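> Below is the structure I would like to discuss, written out as structure tokens.
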Amino acid sequence: MTNATASTPSGQPLGISHKPSPTESMFEKFKAADKPAFIGYLPYGFPDPEYSLKAFRTMVEHGVNAVEIGLPYSDPVMDGPVIQAASQIAIDNGEKIANVFKAVETVANAGGVPLVMSYWNLIFHYGVERFARDFENAGGVGLITPDLIPDEAGEWIEASDRHALDRIFLVSPDSTEDRLKIVADNARGFVYAAARMGVTGERSTIDASPEELVTRTRKAGAKNVCVGIGVSTAEQGARVGSYADGVIVGSALVHTMLDESGKHAVDEAAGLKALAAKTEELAEGIHNARN
Amino acid sequence: MSVLDELVAGAVEDQKSREKDVPLDEVKRMAFEAPSPIDARQWLKKPDGIPVIAEIKRASPSKGHLSDIPDPAALAREYERGGASAISVLTEGRRFLGSLDDFDKVRAAVRIPVLRKDFIVTEYQIWEARAHGADLVLLIVAALDDDRLKSLLDLAHSLNMTVLVETHTREEIQRAIKVGAKVIGINARNLKDLKVDVNKYNELAADLPDDVIRVAESGVFGAVELEDYARAGADAVLVGEGVATAADHEQAVNRLVKAGARVKASEQTPLASHEGPYFGQFGGRYVPEALITALDELERVYTEAKADPEFHKELARLNQQYVGRPSPLTEAPRFAERLKEKTGLDARVFLKREDLNHTGAHKINNALGQALLVKRMGKTRVIAETGAGQHGVATATVCAMLGLKCRIYMGQIDARRQALNVARMRMLGAEVVEVTLGDRILKDAINEALRDWVTNVKDTHYLLGTVAGPHPFPSMVRDFQKIIGEEAKQQLQDWYGIDHPDAICACVGGGSNAIGIMNAFLDDDRVNLYGYEAGGNGPESGRHAIRFAPGTGELGMFQGAKSYLLENSEGQTLDTYSISAGLDYASVGPEHAWLKDIGRVNYSWATDQEAMSAFKDLCETEGIIPAIESSHAVAGAYKAAADLKAKGYKHPVMIINISGRGDKDMNTAGKWFGYLTDEQAKALEANGAQGNNADGE
């Protein structure tokens with residue numbers, strides 16, 4: 001992969017962009033209204049590229065504020081069975097990374113904040129600078145990197161600086177103060193706090209550790225901290241939203257578009273309807289968390 | 001008039017107007033009174049890092065306005081806190097919007113060397129720099145003729161200042177060397193795509209005397225360019241915009257300093273004691289943040305153990321009394337004869353018998369070492385992945401011995417072709433989980449093990465079986481396996497009176513047995529090292545696990561490390577195939593990737609066909625049944641022999657690492673060679689013990 005360096009019209013290399021982060025503006029707005037933001041995840045291309053674009057629009061229209069557009073990967077070590085299955089369906093149905101920018105545009109046009117969630121090899125293989133440039137051009141705002149820690153992120157930090165993209169790293173309940181500080185120092189947009197140790201997936205209960213983690217991450221210097229992994233009901237969303245700047249829901253949304261076997265998608269009309277309903281239910285819980 | 005001419009003319013005009021206020025004699029007096037300069041050369045070359053010269057620059061002719069910098073002293077202090085080795089201050093006022101006033105403020109604010117960067121063409125400017133406390137000045141070769149360059153350089157040197165001599169072409173570099181430049185700034189930006197061009201740098205920096213400090217001077221923005229320059233051999237870098245316009249200046253400098261330290265750390269010699277996290281550009285920790293605490297803990301505990309004689313004593317005792325080490329080094333004269341028949345090379349062949357270890361493979365060396373660490377960490381549960389089942393069996397074994405809870409993840413396809421090993425693991429009290437996700441082979445077992453680890457990391461240790469994965473696994477597993485080569489070296493001398501082998505052959509999946517036998521010989525250039533990957537049906541077939549041959553693996557991140565990786569055009573991991581479950585892996589240990597890149601190990605492959613034919617050869621000639629994995633090394637011996645012959649060896653000494661024994665492979669071999677009746681083969685299949693995954697899948 002060639003990684004052409006971005007340049008200015010006069011042929012000089014692009015410098016550090018100081019364009020403000022739309023994610024941070026979104027959080028400022030929500031903080032002013034004393035509300036948490038709702039961040040919804042779906043893999044791009046699930047169940048197929050066209051269907052997934054409609055699903056992204058549906059999410060935004062029914063209450064998601066920022067969309068985490070997942071890039072399906074063959075070896076997703078941070079994901080549980082639901083997202084693994086959806087990713088596999090997307091890959092089987094011809095998902096291509098070059099087309100994910102259509103999803104980015106779709107979300108932006110619908111009024112949502114487009115974020116991409118990707119395992120690092122996909123971005124590395126596409127070309128970090130090339131991805132940053134294409135993502136920025138499509139109206140993309142930030143990248144969530146579940147298997148890239150700031151210590152390994154040199155190339156991404158550089159590209160995101162040049163293209164004013166958010167760098168969203170994760171922290172987990174057993175992260176030490178030193179680690180929290182490294183993440184907070186290098187993050188832009190928000191920090192993604194994992195509600196529990198483990199992979200993505202729905203849980204009937206959420207323990208108390210995320211609140212403590214949010215507090216510790218803020219203390220380490222993070223401006224905005226959102227909680228994800230294991231949040232699947234309106235009630236859980238409300239609980240988490242009472243202290244987090246944003247609530248991230250993934251598997252529960254993906255689930256609405258899978259049939260009972262968990263291996264196949266339901267047809268489009270039914271899938272979008274279920275997705276809309278689940279999104280509204282979650283949005284209701286999350287946005288009213290502090291009322 | 002060129003831009004440079006214009007800048008020089010402007011600088012001279014400004015200098016003349018300053019000279020009217022402060023005549024040369026006055027400036028000279030000030031220069032003698034100024035505190036003596038810091039020897040910047042001591043700051044610009046370090047064994048353990050790439051010194052960063054951070055620049056204070058408001059604007060440039062090419063990029064226009066960059067940053068206001070209302071308080072240059074504060075900025076300089078931030079640079080210094082970030083770890084900068086020197087500060088460069090632009091004092092040109094017309095286009096760069098700098099001044100000597102900026103310089104004075106910076107000089108007063110920091111203790112590190114300060115460079116006056118200007119268009120210096122007169123002696124007055126040099127004296128002036130010294131008068132303001134400069135430790136370094138810049139001279140631009142393109143702006144000066146040879147005589148002028150030399151006299152200004154000599155003057156600066158006589159004032160004990162260091163001179164950074166800026167060059168753009170090979171010819172300018174020659175001129176700089178001729179007049180005695182000691183610190184040369186090299187500009188290797190490719191003007192077509194504006195990227196740092198390492199080849200251009202190499203071309204420019206070739207035959208610079210060793211005592212000249214090489215400063216990469218253009219196009220350094222962030223960690224990527226710094227690493228490129230550092231790997232190409234630059235001693236220091238000068239960075240302007242990348243730090244001056246950053247939101248957090250201290251952090252921006254620090255990122256560069258850390259990137260330089262990383263590169264330097266990975267370049268330390270000798271090869272054999274090379275430590276992670278990076279082997280050249282390979283390795284690292286590409287894992288979720290949730291695992292970092294556990295990896296840090298593992299690294300800490302391992303470092304403590306390494307320094308603890310009691311740990312080594314306990315490991316040595318168990319190696320001897322439980323594993324049965326040392327494993328013998330057996331001469332294989334009848335196999336050598338067959339090798340001669342086939343290749344015409346008259347070699348002495350020795351087999352390192354890891355197959356004779358308890359549990360029948362080299363895997364126990366590492367399993368035992370890590371299990372002792374589990375005890376030290378106070379964890380109670382162990383998980384592991386397994387391909388051929390050998391690592392799973394070794395892990396289940398040591399867990400039984402040490403009373404640890406054990407769960408083994410195994411791809412469903414592997415579990416079928418290695419059904420006997422599944423039974424062994426269960427016998428030993430381990431829980432075996434068949435992974436039905438993905439391709440259902442080794443990589444999928446590792447994915448599941450990683451998911452388990454992310455979830456249960458508090459009380460669980462992931463006992464990774466090979467020299468892959470995130471740091472510290474590649475270094476640590478190597479350390480536990482290097483006993484193979486250390487023993488072989490000693491045995492060759494003690495038992496056979498041979499000083500050193502001429503060649504080592506080993507199979508490479510993740511690469512632990514290969515690293516294990518090669519480590520002791522890495523720094524001995526007399527020893528040719530050969531690694532053989534699983535060729536499956538051959539590289540053109542697309543059904544193989546060859547990562548190193550042209551057109552196969554690409555640079556990528558997989559399961560925690562940056563290395564070579566079999567991936568499709570989208571960056572998705574490719575299906576791999578080999579008759580040998582233990583070599584059937586899409587990536588390869590980062591140390592191997594590095595050894596390939598530096599050309600220390602010759603990597604090639606053996607196909608299923610070649611491996612099975614070698615399997616039979618060894619059985620028939622020596623009465624030793626190797627694992628199918630190890631048979632790839634035996635097959636490789638024929639290829640290595642051809643290479644040695646071509647290199648002019650007449651009677652070379654070769655060691656083949658027999659990493660494991662082949663009992664587990666009898667179903668596969670029986671079917672392959674047609675030693676089973678249809679009925680018997682069917683009965684095996686009905687039991688789920690298929691010969692290889694080409695059938696029935």
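Just so you know, glycine gets a Cβ as well, placed from its N, Cα and C.
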> With TrEMBL as the source, identify the stretch among A:1-20, A:161-180 annotated region 'Disordered'.
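My reading of TrEMBL: the region 'Disordered' range is A:1-20.
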> Three states by DSSP: which one describes A:Glu68 (active site, proton acceptor)?
strand
> Going along the chain, which residues six or more apart from A:Glu68 (active site, proton acceptor) have their CB under 8 A from its CB?
A:Ile39, A:Gly40, A:Tyr41, A:Leu42, A:Leu115, A:Val116, A:Met117, A:Ile144, A:Ile248, A:Gly250
> Far apart in sequence but close in space: which same-chain residues, 6 or more away, have a Cβ under 8 Å from A:Asp79 (active site, proton acceptor)?
A:Ser87, A:Val199, A:Thr200, A:Gly201
> According to DSSP, which kind of secondary structure is A:Asp79 (active site, proton acceptor) found in, if we only use helix, strand and coil?
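Note: A:Asp79 (active site, proton acceptor) is coil by DSSP, not helix or strand.
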